[in-house]
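Undergrad: Encoded as C-alpha cells, here's the structure I'll be asking about.
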Amino acid sequence: MPDQAAQPPEGLSAASAPVRAQLLATEHWSLLASRSTTQSEVLTRISIFLTLTSASLLSIALVGQASTFNADFRLFAVVILGVLCVIGTLTNVRVLNVAHEDLMYVLAMNRLRAAYLALDPGIEPYLMASSHDDQAGSQQTYYWLGRRSDFSHVIGSSMIFIAAVCAALTGLFAAALGGLLGAPPWALYLLGFGVGLAYLGISAGLGGRGYFRVWRDVHPVSPTPGAAR
C-alpha cells in the first residue's frame, strides 16, 4: 500500500509540492512576525500608560499635601485625571483592536496548517495547534492542554485588565469633578462607583460584541468537524 503522506494533493504535481510548501512556510513566518510585532507594540503601550498613571497619581498626592487640598488642588486633580482617562481610553481601544488582530493571525495560521496537512497528511498527529479556521479551532490553538473556561480566558485578558484600570480612573475623575462642583460626599461615592462600573461594562460589552461579530463574518475554509457554525 503506498504511503499516503507521499501523495501530492489532487491537481498538484510532485515537483510543485516543495514550492508550495516553501510559499506556505514563508507566509507562516510573515504572520508570526506580524503577530509578534503587534503584541510587542501593545505591551509597550500598556507599560507606558501604567507608568504615566503611577506618576500622575503620585503628583496628585504630592500637590494635595503641598496645597492642603484646597480648591486649586481639586482643579489640578480633575485636569490630571481627565488626561489619564483620555489616554487610558485610547490605550483600551488599541488593546481591543489588538485582541481582534491576534485572533486574525491565529485563524490565518490555522488555515495554513490545513494546507500543510493537504500536502502531507502524515504530520497531523504531531500538530497540537489546530488546523481549523473557525471558533473551535481558534480555541484549540489558544489552549490545547484540555478545556479552559471562556470566563477564565476573558477575565485574565489584557482587555479586562486595562478596562478595569481605566474604569477606576474614570470613577476617580467623575468623583473629583463632582467634588469640584460641590457635590456632597455620599454623592461622590455613588458617582465614582457608578461611572467606573458603567465604563467597565461598556468596555467588556464592546469587546464581546466585536468578538462575536468576527464569527458572523468569517467563512472557514477548513471548519472543525461537527462544530456548530
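Heads up, residue numbers simply count up from 1 along the chain you see.
Just so it is clear, glycine is given a Cβ too, placed from its N, Cα and C backbone atoms.
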Undergrad: If TrEMBL is the reference, give me the range from 42-63, 108-129 marked as transmembrane segment.
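TA: Among 42-63, 108-129, the range TrEMBL annotates as transmembrane segment is 42-63.
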Undergrad: Are there residues at least six beyond either end of the transmembrane segment (186-206) with Cβ under 8 Å to its Cβ atoms? List them, or say none.
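TA: Residues 92, 96, 154, 159-160, 163-164, 166-168, 170-175, 178-179 contact the transmembrane segment (186-206) from elsewhere in the chain.
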